[in-house]
Amino acid sequence: MPIESGSCASARQAKQKRKSHSLSIRRTNSSEQERAGLQRDMLEGQDSKLPSSVRSTLLELFGQIEREFENLYIENLELRREIDTLNERLAAEGQTIDGAELSKGQLKTKASHSTSQLSQKLKTTYKASTSKIVSSFKTTTSRAICQLVKEYVGHRDGIWDVSVAKTQPVVLGTASADHTALLWSIETGKCLVKYVGHVGSVNSIKFHPTEQVALTASGDQTAHIWRYIVQLPTPQPTADCNQVSGEDEFEFSDKDEPDGDGDGSSDCPTVRVPLTSLKSHQGVVIAADWLVGGKQAVTASWDRTANLYDVETSELVHSLTGHDQELTHCCTHPTQRLVVTSSRDTTFRLWDFRDPSIHSVNVFQGHTDTVTSAVFTVGDNVVSGSDDRTVKVWDLKNMRSPIATIRTDSAVNRINVCVGQRIIALPHDNRQVRLFDMSGVRLARLPRSNRQGHRRMVCCSAWSEDHPICNLFTCGFDRQAIGWNINIPALLQEK
């Protein structure tokens, strides 16, 4: 009688295991309907104050959890059997290789290596299977805590920057590639003022700390300071934008985007001439900001320099050189004479003007791609975002390494920090907006579905901590800005 070889026996065993595994899955699937019916009957027989829709959702989620862990348990058993089979085969091979026995230490090393690979496979399978469950809970929580309140539609091209006025009346400002900057009523979404003084893309907008004056940076190689006067309209009741069905994300074409003059920005008051024009750059001015007190302004340009100006005289006070490539952003400290500039050279620099006689500079190196923005927080921290898909939190007293690193799945654009609550808003190239705390813990993702949220790259975010209706604003290349209401106490409680 022919003797069956070891390899044939192993193949037969593997085939039998796959067959038993398949039968187990079929048995599991066949009993799902009976189990779901039984659970539903049990749920209906219990007293509960939860609405029936919420109870049904919970039942469905817990059913998914049970099915996922049942499948994981079966896969775990199969992997354990494979480990045992592998150990047996290694032990047998150890007696026949080259006619000599392998030492116990060699066998242990070989088996340990193979076992570790299978263990890693098990961990990966577990993470991949359970991530769907965690994502379901995260989405449900985010929708309850982060609500879309208002959409601001009127630009004819993508919006690069969004900012909130620091004086009364509180208005929203947007800077767009359509060569205009618009001011909006936060409550009604109505365009209040249009600035048309630039002849190139308007890349950023910042409001003066104490006056009704705005600072805009443009692709026409200038920054403009201009005054506005607004009268807020009476708020009107608006439909709830949060009543949407489904949680799936969809791709949108250009025809799905808002029309250019959807909210009638063409008939709002227009400002055509600036109070002051800052003209010392030899390239695109990508960003600008006010220094504390509002008597000086800083600009960042693609000519690899940042310039510090006297606002009253428009004179250039300092030219900040040192970056090796184009600048992408600049930001000023809210209470001190500090400036931080970001660049495509993968660094950001801290410029200190607190001592009039000494202007020091510190270089922060830690990213591997363009630093898209760096912003100040309370105390001695700076947060930087990059195209390398990371966000890093730095201590100004220790520049060698970040104190926290957030790793994401998409390039990060102009970030903003809620100073009072120390929450970072991360706008992404992949149309998502995520919220993290300063220690790197993810708090929420803003809801995005087929009927709400951004449809293209999200370019910028801005917090307005004291506004009763909207406390976070985002803008994107889908030509709209969005106002969100973030329930911060609930968000931090979920943490």
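Using N, Cα and C of the backbone, Cβ positions are placed for all residues, glycine too.
Computed from a predicted structure; not experimentally measured.
Annotated region 'Disordered' per TrEMBL: 1-49 (among others), in sequence order.
As annotated by TrEMBL, compositional bias 'Polar residues' applies to 22-31.
Annotated compositional bias 'Basic and acidic residues' per TrEMBL: 32-47, in sequence order.
Marked as coiled coil by TrEMBL: 69-96.
The repeat 'WD' annotation in TrEMBL covers 152-194 (among others). Taken together, the residues in the repeat 'WD' (152-194) have a mean pLDDT of 96 on the 0 to 100 scale.
Under the heading repeat 'WD', TrEMBL lists 195-226 (among others). For the repeat 'WD' (195-226), same-chain residues at least 6 beyond its ends with a Cβ under 8 Å from one of its own Cβ atoms are 157, 160-167, 173-183, 270-279, 281-290, 292-294, 297, 299-301, 309, 311.
According to TrEMBL, the feature region 'Disordered' maps to 244-269 (among others).
Here TrEMBL flags 246-264 as compositional bias 'Acidic residues'.
For 278-319 (among others), the entry in TrEMBL reads repeat 'WD'.
Same-chain residues lying 6 or more positions outside the repeat 'WD' (320-361) and placing a CB less than 8 Å from one of its CB atoms are 283, 286-292, 298-308, 367-376, 382, 384, 386, 388, 396, 414, 419. Under the heading repeat 'WD', TrEMBL lists 320-361 (among others).
Per-class residue totals from DSSP over the repeat 'WD' (364-404), listed helix then strand then coil: 0 helix, 22 strand, 19 coil. Here TrEMBL flags 364-404 (among others) as repeat 'WD'.
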